[in-house]
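J.: Have a look at the structure that comes next, please.
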Amino acid sequence: MNACRKAGLAHFAVTIIGKDRPGIVADTAEVLFKLGCNVEDSSCTMLGGEFAMILIISHEKPFSKKQLEAEFAAKTAGGGLSAFVRSLKDDEVCYQEPTGELCLVSVYGSDKPGIVYRITRELADRGVNITDLNTKLIGSPAEPVYVLMLEAALPQDLSVEQASQLLENLKKELSVEISVRLITPVSL
Amino acid sequence: MAVQRILLYPNPILKRMSRTVERIDAEILQLVEDLVDTMEAGPGSVGVAAPQVGVCLRVCVVDVSNNRHGKDNNHGRLLMINPEIVERSGLAVMREGCMSVPDYTGDVERATEITVRFSEPDGTQREFLASGFEAVAIQHEMDHLDGLLFLDRISSLKTGLFRRKSYK
């Protein structure tokens, strides 16, 4: 199973963000490698002109957050990168496997305030757990279009059809297209 | 019953090219039986390929008839020796997981229709058109015979959807 269950490891969440350029990942990985840290889980992407990294890292105990912060401060000084480190408790480390169906919700339409808020509030109130979410503003400056794609684990008592029904009213209210489809992995 | 242990990556056997079966003998029949037993023992398993139980021979079994994606469109239990895909068409993405690569899934693009040809354990040659989930399962199991895992075929990062292109 996941390496997260190894005992004797200290875990940290690290967030790094800065103006995009080649080498941000390599610089970060170099700091971690030299300190003897493992990258347990990570997701990194471009957001606008920024490159954003979110990592769960581990190091054999004893190891302090201060050591990490000091190394990153040295590396990021003057480089336009900001780094943030948070210590994780044991129960924050492991991925909680969703029990219900996994679905992909796509929402798009003319840009207006409240798309993300209304959609995610509706889902949250019904116990739907978002596992991944991307938004993008596309289209032309004259006619901006908002696109939101999210993956979510449904609670056991909610079907994809019901989840779709749940968002039905928001289609009209926000005048956006909304579709929900099943993407639960097939095990082969 | 001879349920075999499913090998997990990084076992190097999973990355090896399997050999063609030259003659269907008692050993091959036993292998087919073991693969079926192993498939039935795996919760929700719809197929097992010989390399997954440590045998590098071109043999796999597939049965999607009990799966929600395959129950209305399948050819029952398939015992495939030296399977070949002679034609493929269409493309669709499905999120796949594999017993040999636990705790990870990825979106894989595969043909939606395949014409598959293989020998049955009694030596009969079969050829038919498979589609939908059955086609996906056959392609996934056959990949194991070429030392390929779904990790070799992941079609996009989840964020790939948003990569900017310039349209002229």
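Each residue, glycine too, has its Cβ placed from N, Cα and C.
In case it helps, TrEMBL gives these features for our protein:
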- B:Cys98, B:His140, B:His144: Fe cation binding site (BINDING)
- B:Glu141: active site (ACT_SITE)
J.: Cβ under 8 Å from chain A: which of the recorded positions B:Cys98, B:His140, B:Glu141, B:His144 qualify?
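T.: Cβ contacts with A, in sequence order: B:Cys98, B:His140, B:Glu141.
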J.: What Cα-Cα separation, expressed in whole Å, is found between B:Glu141 (active site) and B:Cys98 (Fe cation binding site)?
T.: 10
J.: Provide the number of Cβ atoms within 10 Å of the Cβ of B:Glu141 (active site), excluding the reference atom itself.
T.: 27
J.: Sorted by position, what residues of the same chain at least six away from B:His144 (Fe cation binding site) have a C-beta under 8 A from it?
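T.: Those within reach of B:His144 (Fe cation binding site), by Cβ under 8 Å and sequence separation of 6 or more, are B:Leu14, B:Ser18, B:Ala49, B:Ala50, B:Pro51, B:Gln52, B:Cys60, B:Ser100.
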J.: Let me know how many other Cβ atoms fall within 10 Å of the Cβ of B:His140 (Fe cation binding site).
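T.: Step by step: centre on the Cβ of B:His140 (Fe cation binding site), count other Cβ atoms within 10 Å, giving 26.
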